[in-house]
Each structure stands twice: as structure tokens, then as C-alpha cells.
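Scroll down for the structure; my scribbles are underneath it.
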Amino acid sequence: MRTHLRKIGNSKGVLIPAAMLAELGIRDEVDIHLEGQRLVVEPVKKPRSHWFDGYDASYDEAAWEDMVDVEVDEDEDEWQW
């Protein structure tokens, strides 16, 4: 696709069609960098986007089964650990 650069103050800008933005998942922010003679525009990666990939909650359930209920006397003024 060929397009024109647009003057924005002392800089230049490129309009990116909405269909391309949607396909790439680009919303408000992008990372821009050079690769050789190419200008690369990429969606901003969320720093914690893959933290829970492969997470299995059943391991947590098994860990909680070993916990013992402890009675707490709420009337006691001072608790000891």
C-alpha cells in the first residue's frame, strides 16, 4: 500500500487504515524502531501479558486442602503469633 506523509508541526505522520490497526491489535500506543532501512511500527506489548499462560488452578486447590482451620477467639485483647 502506498500513502503520503502528512505534515504535523515540524514532524511528519502516516495515516494507518483502521482495518490494518484492527488486524494487528493496535489501539493507542505503538513501538517504533528502525531495522536497517525500514521503519517498523508494532503494538505495545503489555509487560505481564503472558504471566498466566499454562497456569493450572488445580495445583492451588490441592495446596489449600492441606491447610488447617484454626479457631480464633475474637474477644482476646492480644494475639500471639
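Using N, Cα and C of the backbone, Cβ positions are placed for all residues, glycine too.
Just so you know, TrEMBL annotations are computer predictions that nobody has curated.
Under the heading domain 'SpoVT-AbrB', TrEMBL lists 3-46.
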Report the DSSP secondary-structure composition of the domain 'SpoVT-AbrB' (3-46) as helix, strand and coil residue counts.
7 helix, 18 strand, 19 coil
Where does the mean pLDDT land for the domain 'SpoVT-AbrB' (3-46)?
93
